[in-house]
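Q: I'd like to ask some things about the structure below.
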Amino acid sequence: FAHTAVRVSAVSQVPAAMLALATKAADASVSLPELEAKLATDANSVFDGVLDLNVAMADLGGRWGNLMKLRSRILVMHGVPADQAKPPNGDFQAAQQFWPAMMAWPGGPGADAFGPDGDSKSKLQQEVSKRSKRSLLKGELVYTAVPDETGQWFYASVHGATPGLLEQQYWSAEPMGGKKAAEQAAARAALQAEFWQALSVAGAGTKRKALGAPGGGGAGNDPKTRLNKGAQLLLGRPITKGEVLYTTETVESPSGAIYTSVVSIPAHDPSASWQGQPAESAKQAEFNASEVAWAALEQTLAVLEEERKAKRAGKEKEAHAKKKARKEAA
């Protein structure tokens, strides 16, 4: 994509009509889905860079600039006038005005991973150290990040390598847009369960949904994402790629290709599958199958969700009782 950066960076010197023609010609060999997939990957890279304080500002600025240029290219391919699609002047400097909105995205890549109480991983390290009455060694809190079914979002878990550091393994509740963001979310889950009193009053009970997660905002709030969340409830753990399985067939007709998709969750029920209504695109066919599956599983999922909430409330109550007992015994 090096040629793209050169072409788009000259947007202010090239008339809008010429830019649009040049973009269409250059994009003839690159499909729009490929570019949109790259946009998601590059966006995750920017957010990971924001969360990683070891990343130099110059590096982060370069990532942002490339992301804006790629986004401009995609907008032009969608038919947006080039003068409206061009990146803001100053790229990274102009991005400063967007940081508050970006970090306010509901739990999206990085949002609420820190939460109102700051860096959740550092906070968890501090609280575990206090309770253990010693400094923790590097690696005693073990974080593991795994991609979800789409391969674009991540769940993470945290557990203590030394017995007694944490009462159990904790998972991020929602998929996040980067590994580091998912680790922050896992740390926050551990804080909420075992050190809830250490969290600020302002942060109590204010959990935002992940960008693209079911019930949240963003482009990922679709039937497939909602079904992925349902599969997580059914299996009692984050899902991995391929565990929500789609089989899509194409039939040619006089009016064009027609797609039909069937979805299954073999790890839950190998014998069950759900077929959606035919559609004019494979993506919509998968959405249709997801909606049929969700409708069939909705009552079961509602019960599981209530059980999950009750279990979490019980753990919080138990953790509170233990903390109170420790305080009284001190």
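Heads up, the Cβ atoms here are built off N, Cα and C, so glycines get one too.
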Q: Under TrEMBL, the annotation region 'Disordered' belongs to which of these stretches: 199-220, 221-242, 265-286, 309-330?
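A: Here TrEMBL associates region 'Disordered' with the stretch 309-330.
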Q: Checking distant contacts: for the compositional bias 'Basic residues' (320-330), what same-chain residues at least six beyond its ends satisfy Cβ-Cβ under 8 A?
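A: Long-range Cβ neighbours of the compositional bias 'Basic residues' (320-330): 196-197.
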Q: Please report, as numbers and ranges, the same-chain residues at least 6 past the borders of the compositional bias 'Basic and acidic residues' (309-319) whose CB is under 8 Å from any CB of it.
A: 167, 192-196
